Structures are given as C-alpha cells and as structure tokens.
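Reviewing the structure listed below.
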Amino acid sequence: MKNYIVYLLVMIVVICGCPVPSSAAEEPKLYAKAAVLMDADTGRVLYGRAPDEALPMASTTKIMTLILALEYGNPDDVVTVSSYAAKMPEVRLGLHAGDRYVLQDLLYSMMLESHNDSACAVAEQVGGSVEAFAQMMNRKAAEIGLHDTYFITPNGLDAEDAGGVHHTTARDLAQLMRYCVTQSEQKEAFQAICQTRQYTFASCDGTRQFTVYNKNALLDRMDGVLAGKTGFTGNAGYCYVAAVNVGEKHFIVALLACGWPHNRHYKWADTRALLAYGDANYEYREIKLAGVQIPAIPVSDGLEPTISGTCEGKFTVLLSDSETVQQRFVPESGLAAPVARGDTVGTLQVSIGDTRLAGYPVYAAQTVDKKDFSYYIGTVFDAFFY
C-alpha cells in the first residue's frame with residue numbers, strides 16, 4: 001500500500017510538472033497550398049505554409065489596383081471605356097466601348113463584384129494604359145518590400161510576358177494587404193470601399209444603372225473584417241486575402257490555391273482556422289525598455305573612456321508562450337567627446353527570431369567632456385613630478 005501511494009505521488013508530480021499538450025497549440029488544418037497568418041502591427045508571419053512559393057493570385061490582384069487608383073487617381077474623374085476594356089472576360093460588369101463612368105463608381109464595381117472590365121478601365125485611366133499601370137504596380141510592389149511578386153494584369157487574369165508570369169507569394173500578398181490597411185495614406189478610403197455591402201451607380205449619361213453586391217462573405221460571417229478580396233482562375237484556384245481584427249488583435253490572412261470547384265467554401269474554413277490559431281496562441285505582451293542593461297559605450301577623446309546609456313519607454317507585441325523578445329545594442333559609429341547627457345549614443349534593436357520589430361534610441365546617462373589643452377598639460381605634469 002505504501003509503495004502504491006509513493007508511486008501515485010510520483011505520477012502526480014510528473015503530470016503536474018510537465019507541460020500538457022494543448023489543442024490550441026496544434027497547427028491549423030488547411031486546404032490551401034500556400035497560406036500565411038500575419039501580425040498586421042509588425043508584419044511578422046505568425047504561421048506559414050509554403051509562404052514563399054510563387055503562385056498565381058487571381059483577383060486578389062485588385063487590391064493593388066484599388067490602392068494605386070486611390071493614391072494616384074482622382075475619384076471624380078470621368079472614365080471613357082475603351083474597346084479593350086469592354087472585351088474583358090467574365091466576371092464583368094458589361095461595360096460598352098465609349099461609355100463614360102465616374103472613376104469611383106468603377107472602383108466599387110471592381111472590388112465588390114470583381115469585375116474584370118472595370119479593373120481594366122480603372123488601370124487605363126490611372127496609368128494611361130494597362131502596360132503602364134502594370135509598371136506602376138511593380139514599382140509599388142518593390143517600394144513596399146514585396147520580394148517575389150510580378151504584375152501583368154490589373155484584374156488578376158492569368159498572363160505571361162517577357163518578365164515572367166503574373167504571380168505572388170502568400171507572404172507578399174499578406175504584406176500588400178497590410179500596406180493597404182495600415183500604411184497607405186488612403187487606408188481609410190480603401191477600407192471604406194472593401195466594407196461596403198452594396199453600391200448603386202449609373203453611367204454619366206444616366207442610361208445604364210447598376211447595383212453591385214460585396215462578394216466577400218466574411219463580412220457577414222464574423223465581426224472585425226477591415227478588408228478582403230476573393231479570387232479565382234483555372235490556374236490559381238480559389239484565393240483570398242483579408243485584414244481582420246479579432247478582439248484587440250490585428251491579423252492578415254492570405255490564401256493561395258485554396259481548392260478548385262466545387263470547393264469554394266475552403267477559403268472560409270481556412271480563414272477561420274488561421275484566425276482561431278492566432279487568437280488562441282498569441283497574446284499581447286508589454287515589453288519595458290527602462291532598466292535594460294546597456295554595455296559601456298566607448299567614447300574617443302573624452303575625459304572618460306566610456307559612457308553609460310539608458311533607454312526609456314515600452315511597447316506591446318503579439319507573442320506566443322514559447323517566444324521571447326531579443327534586444328541588441330548598436331552604438332553610434334565613431335562616438336567622440338564632447339557628449340552631453342541625453343545625447344543619442346546608439347540604438348536598441350528589438351527583434352523576435354529573425355524578424356526585427358523596431359529600433360529605439362539609447363541616450364547618454366551622463367556628460368563626458370572632451371580632452372582639452374589643460375588635460376594634456378596636467379598629463380605631462382603628472383608624468384614628470386609623480
């Protein structure tokens with residue numbers, strides 16, 4: 001009996017002392033060939049499946065077309081539809097060559113119902129031609145740090161030219177959406193269009209009227225959806241990208257090759273799975289910078305050879321239980337006296353793994369005066385008389 005009690009106590013200690021696997025820590029079960037869950041605040045990938053595999057993106061392309069139209073176009077401009085735009089294949093609004101529309105109306109047509117002819121007309125208006133607009137798209141992609149994305153069409157139809165095929169990666173697509181909803185000066189206008197449930201407009205002469213309805217079903221399935229865009233072509237399969245707030249957490253979801261007909265519901269299942277994974281496994285943690293140990297900082301030509309540094313402030317960041325924040329001090333190059341208290345003497349670089357989050361200034365904790373003539377006279381005097 002005594003041995004049984006000892007054995008039972010040992011088992012209790014082992015069970016209580018070991019981490020119990022949690023269902024929340026399990027990887028999400030996904031249909032998509034490539035997927036990313038991104039922290040919208042930092043751009044850090046919280047979960048990825050083949051995040052850097054180049055794949056066609058279908059109509060998720062249109063988020064780039066929209067943000068460029070908002071940044072470089074005039075929403076009140078009148079667009080005359082070209083014969084080229086009018087010949088775009090389904091999905092289409094049914095524009096006629098020579099019809100005239102207000103640019104803003106075509107933006108709603110393009111984003112809510114993914115009309116390819118409207119996207120083409122928008123590109124021609126803003127860029128002068130589809131080819132010139134594609135150059136704008138690729139310049140913007142480079143500007144915002146997309147590493148393996150190439151645009152040919154403004155609507156996402158599969159295409160290939162001398163530069164390659166129209167493609168992106170799940171990481172790049174998520175980063176593009178992050179730019180659209182958090183960094184662009186037109187982020188509010190972008191979100192307003194993406195959140196509109198339905199929109200009614202007419203041609204400039206009033207002879208044709210339309211009402212378009214938002215095909216982003218996630219808007220009606222959960223709260224906190226800031227923006228989203230669906231896509232499909234035969235090569236791309238179903239694609240989706242969205243920015244969603246879950247409570248106070250800000251996520252981006254990007255899905256590529258997420259099933260083919262008749263599996264259009266896969267993208268909604270994958271989106272929910274990724275958001276649930278992020279919500280269950282990541283929490284905001286407050287990181288205080290005050291009190292961080294800064295190594296002695298060399299100062300040339302100073303009455304003291306080194307100086308102490310201090311860093312103030314705090315920030316919050318999404319972290320899992322297994323993650324820690326790394327801090328690395330980088331001193332100012334060639335720091336020389338005089339240095340006044342409060343001068344910037346370096347940077348505290350904050351990162352999680354390979355992802356650098358931010359850099360915070362480190363300030364001098366005291367003043368270090370420069371060696372002057374009296375210092376050298378005193379040195380010589382000491383050498384001779386002591």
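From the backbone N, Cα and C atoms, a Cβ is placed for every residue, glycine too.
Annotations in TrEMBL come from automatic prediction, not curation.
Proximity of SER59 (active site, acyl-ester intermediate) to non-local residues of its own chain (separation of 6 or more, Cβ distance below 8 Å) is seen for SER114, ASN116, ASN155, GLY156, LYS229, THR230, GLY231, PHE232, THR233, CYS239, given in sequence order. Taken from TrEMBL, the feature active site, acyl-ester intermediate covers SER59.
Around the Cβ of LYS62 (active site, proton acceptor), the number of neighbouring Cβ atoms within 10 Å comes to 27. The active site, proton acceptor annotation in TrEMBL covers LYS62.
A coil conformation is recorded for SER114 (active site) in the three-state DSSP classification, outside any helix or strand. Marked as active site by TrEMBL: SER114.
Per TrEMBL, substrate binding site is recorded for LYS229. Under the three-state DSSP scheme, LYS229 (substrate binding site) falls in the strand class. Taking all protein chains in view, 27 other C-beta atoms sit within 10 angstroms of the C-beta of LYS229 (substrate binding site).
For the domain 'Peptidase S11 D-Ala-D-Ala carboxypeptidase A C-terminal' (282-370), the model's pLDDT averages out at 93. Marked as domain 'Peptidase S11 D-Ala-D-Ala carboxypeptidase A C-terminal' by TrEMBL: 282-370.
Applying DSSP to the domain 'Peptidase S11 D-Ala-D-Ala carboxypeptidase A C-terminal' (282-370) sorts its residues as follows: 0 helix, 49 strand, 40 coil. Of all Cβ atoms in the protein chains displayed, 27 besides its own lie within 10 Å of the Cβ of SER114 (active site).
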